[in-house]
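Reviewing the structure listed below.
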Amino acid sequence: MGTSNTKKLYFGMTGAKLNIWLAIACTTAMTLFGYDQGVFGGIIVTDSFLDTMGNPDSGLQGTIVSLYDIGCFAGAMITIAFGEHFGRKKWLIFGVIIMSIGAILQTSAFTVAHMIVARLITGIGNGMNTSTAPVWQSETAKASWRGSLIVFSMIMNIAGFSLSNWMTYGLSFVSGSISWRFPIAFQLVFSVILLATVPWLPESPRWLIAHGREAEGAEVLASLEGDGATVDSPQVLNQKLEILEAVKIEREQSPSWGAILKGKTGNTGMVKRLLLGSGTQWMQQLVGINVTSYYLPLVLQNSVGLSNTMSRLLAACNSVSYLIFSFIGLWLIERAGRRKLMMWGAAGQAVCYALISGLLSQANGTTTRGQSFGAGATTFFFVYYLFFGICWQGVPWLYPVEINSLSMRTKGAALATGSNWISNYIVVQITPTGIQNLGWKFYLIWMAFNTAFVPLIWMFYPETANRHLEDIDKLYRDNQDLVFVLRCKEAYQTERPQRFIDAEHEREEAVKHSPINVKDGNLDGEVEHNEYA
């Protein structure tokens, strides 16, 4: 197939332009995720909303907010069962449509039961989206862009969160139900962007080739490559070969869930790696981010004693600083490594929660001294977000992709996403009641979790920065009893181990003298793992 035919696809866009549009679509899905996470924090303290819902108590408020996370968990589990069959594009479109239906139902709600059903439906759609968009992104992006793009998409998740805070703050000065119905309905703007872009963008070339649609997969590879590449170009043929080889390995080595539960996973440390990947998502929730992401205005009102308007304004300002400082994480993700970022973040967050608890224990809004303590606690809520944005926002979404083997990457990512939502649900469900019943002591719980995670990461979590994905496979094959990473320098050093670099150079020399034949999917010779597999 010639270049002219390739250029007719995707409105004639190829190469970097096409990759940018794919990034826009995937990033929009994650921005919608962030917006939807933050919007209810402003709505739950809106008088019109509370009056419409019959002024629910703190327990029922937690249920209304947190059942969204149960819907997200269900959406992630449904994706495990059916997502692979439909492909990345179709499944993402299904998720957007379901989420849009949920948004419309939330906007039109007049009862708690109506709102709960609508929140569950919205969650199912978002669970499908958040399980699919990062995979689609990683399977279409070049390897050199993959980590930065996934972290950037999570930064835009914060942008969505910030937008929702400013939206609810601005509309808090408007009377009537529009003050909460409009922010919910605004989710549909993101749905329109997704439905206008996803249908004409390319499907994952890996998914196409894995499902026997090799000609279509090669067309996508040529379009993504750009620079006049065609399906017959050497670089496209090489990429197709590598994907075919990766698919072959995955089919031969991917164990069933039954085999995993019985521990029959060979010598690749699959179970340990699944637990480590899912563990990052559990830890991301247990460091306490959604104590404040969903409820910061409520926290500032009930714990600090600020007015409704001031609580909303500070929550909105906090979201901007959170967004700005998260870009530092984009710069540090490869330089500092995953381990250091998580340990630094957990240590800083533990100190913040300790100071928040201590200051709130002395805060009393009726005296000048008490107000000063309240202001100090508010400051450390801001500082907490800086640590989280830099260190914890992106790593837990990236680590499960990197730590799991090729044959377990899809299952591992889905399990990690499910872990995120179920732990998210637990935190969001208990927070209103915890604040009401425990007051300042409630924040000591999150201080304890953050403190515990520092030695946990130091002892058990291998470094995945500055490594090829195959390096992690080899690390576990060569160290089958690897649990405590401190026993193996290769497992915790930030720089790529020299023996992996030497082995790569040897393979490159071997490739130069190896015959390669990709006609009709036949695999001969040995080549380096390509950027799209």
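Cβ coordinates are placed from backbone N, Cα and C, and glycine is handled just like the others.
Features as listed in TrEMBL:
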- 22-465: domain 'Major facilitator superfamily (MFS) profile' (DOMAIN)
- 20-45: transmembrane segment (TRANSMEM)
- 65-84: transmembrane segment (TRANSMEM)
- 91-117: transmembrane segment (TRANSMEM)
- 149-168: transmembrane segment (TRANSMEM)
- 180-201: transmembrane segment (TRANSMEM)
- 313-334: transmembrane segment (TRANSMEM)
- 341-360: transmembrane segment (TRANSMEM)
- 380-399: transmembrane segment (TRANSMEM)
- 442-461: transmembrane segment (TRANSMEM)
Contact ranking winner - 20-45, 341-360, 380-399 against the transmembrane segment (65-84), Cβ under 8 Å: 20-45
Candidates 91-117, 149-168, 180-201, 341-360, 380-399; stretch with most C-beta pairs under 8 Å toward the transmembrane segment (20-45): 149-168
For the transmembrane segment (149-168), distant same-chain residues with Cβ under 8 A (at least six beyond the ends): 23, 26-27, 30-39, 41-43, 46, 133-134, 137-138, 141, 179-180, 182-183, 186, 190, 293, 296, 312, 315-316, 318-320, 322-323, 326-327, 329-330, 333, 389, 393-394, 397-398, 401
Intrachain neighbours beyond the transmembrane segment (380-399), with Cβ under 8 angstroms and 6 or more residues off its ends: 134, 147, 150-151, 154-155, 157-158, 276-277, 280-281, 283-284, 287-289, 292, 296, 299-300, 318, 321-323, 325-326, 328-330, 332-333, 338, 341-342, 344-346, 348-349, 352-353, 355-356, 359, 416, 420, 464
Folded-back contacts onto the transmembrane segment (442-461), same chain, C-beta under 8 angstroms, at least six residues removed: 276, 283, 286-288, 291, 338-339, 342-343, 346-347, 349-350, 353-354, 356-357, 360, 431, 434-435, 483-486
Whole-number mean of pLDDT values that fall within the domain 'Major facilitator superfamily (MFS) profile' (22-465): 86
